[in-house]
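Here is what TrEMBL says about this protein:
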type	residues	note
BINDING	307, 308, 382, 383, 384, 385, 386, 387, 388	substrate binding site
COMPBIAS	603-612	compositional bias 'Polar residues'
COMPBIAS	621-635	compositional bias 'Polar residues'
COMPBIAS	658-667	compositional bias 'Low complexity'
DOMAIN	158-544	domain 'Myotubularin phosphatase'
DOMAIN	695-746	domain 'FYVE-type'
REGION	603-670	region 'Disordered'
């Protein structure tokens, strides 16, 4: 393995802990700016690990912070392998007898406690982190250098996932009530909206442009979702400039146009997601809200969802409530970390107000959904219409439309409501240098709300929890270009689709990792109505507390279900393979019977019935022998099964079925066919019996378990990332296999190619 110094100055490959992929760090371009590329004798302590401290080498590249732990004569990489973009805070604490403490807080809710031996080194480390964590320009982000170590992931993959025309056509738009407008084709009407906008047919160009002038940032009311059964519309906008300009005839007419495009209602619900006091404060500053006296036939309501500053502080309290701050203070003082009491934890959770915020967002979205089902159209806005508005509109669409419950549909939903409509990802996630007051966990809250709904409807969503966590982590990682930028116009100007990879392409390339095994497509509900009672809401431990969970012995329900589905699919394909083999044997027997009958009649006159009976007896004996090999008298599986084989190398790979005669016509061919008939390895190794992968990675809440479909052993997502067709399957459909089995298959294929070349 390369030395830490080599890793810091060359083109490096390593396992990214966020994705589980072996990735290429790309050509190092700013490594010369790192004053100290590695620091020896560093102490690391992670709260989720049972070990107190680990001594190793801290390596600094221009993209990652890597801790290398020496084990005997070899070096092994352990967590953390941290992207600089994931680091949200660096705290230097008081000098201790061991050295200079450094606490790193991450946007993934991980906290690392390092003790650096020399003061000069800790100064250089802090300077390096500050230099690379938040660059000044987009072109210095990781996405511009990232190159995946996967030949199947193309650079263009995923960038054409969302087409507004297709999604709105699926809703029945355009129609006689709603149409597309090209007034924002070059972003001249509103530079934070998409160039594809849908408005009422009766809204003239003058009305549209006048309304845009009267709305904050030019974000006029546009169609977000169309509920075709009731011909009701969900629209979104920003707040009106009522305090500055008083009123606008064009904006008032725009609201009436939305009403005219809603034939089943005479009232438009205007949902202001802000607290009333905030809206009144904005009115005093020149903005505000719609006055009921100017906007006829409207029902105006406030929904008390707080602003980005309150949400940022709430999440910080939530994290501190889980014990992070206690841990860092105790470690700095050199005392043992105390166990947090239940009452203390619940008190911190209550004081953070996080679940209350989640509840308010869900309540607002549920009201919007019910209004649309009743035939009433809804206009949603907050201040500028890119934070709370995005949360409410996206969740409303999710409740109403089963298409968004699919993995593809949910990615389209994020493109439509978040990326195209101008949520400021780079500012809210702190991708580049930005004031702290502009950062806020708005997208994190949305994912939390989706997770809460998925907990109540576990069979309604095609994607799993790992998918939501991956979205959260990569919204901050800057590894892919999908979430970089604050609006569609910025992404077009940066040419991200040409220079970076899309997260959607990566997800589609690893689809099996993100599928919910409980998903029932045919039985999914048309409309979801989750309970917003605080008693039904939970703390999302898989996101906020994943680094506080120790190595787990038991399997997760999701993993167990996925494994059962996987094994069931393999069994079905094996049954089909055996059925085809039986058919081939029967056909061969018939041909052999006819051949022997003709030969015996013309020459020896030997009874063909006797030959056939002997051959049938031989075949039956061979099949019985094969069946007996699959089980032992105790009924626990074959004696050399995976339970005993899990710590050993995989079994020898059988000859390829393609080399066997499809229809044996002689006794010798029959024997060869039966001798080399591939068998499926059963039983598979139980998930709960494995705590560590063969590569050494411990199975924590962060590291999932996967079965190898060939040998049945349990591996991590990195070791089980290969796929290949199996010899005992009727089709050539690839299945997940571990690294040793994949190497065996690769060697077999090379031998077959070499043998075929020598024969020719």
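Using the three backbone atoms N, Cα and C, a Cβ is placed for every residue, glycine included.
Curation does not apply to TrEMBL; its annotations are automatic.
Overlay of TrEMBL feature records on the structure.
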residue: 307; record: substrate binding site; CB count, 10 Å: 15
residue: 382; record: substrate binding site; CB count, 10 Å: 28
residue: 384; record: substrate binding site; CB count, 10 Å: 19
residue: 386; record: substrate binding site; CB count, 10 Å: 26
residue: 388; record: substrate binding site; CB count, 10 Å: 28
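Confidence in the domain 'Myotubularin phosphatase' (158-544), given as mean pLDDT, stands at 92. Within 8 A of the CB centroid of the substrate site residues 307, 308, 382, 383, 384, 385, 386, 387, 388, the other residues of that chain are 273, 274, 389. When the record's substrate-binding residues 307, 308, 382, 383, 384, 385, 386, 387, 388 are compared pairwise by CA position, the greatest distance found is 12 Å.
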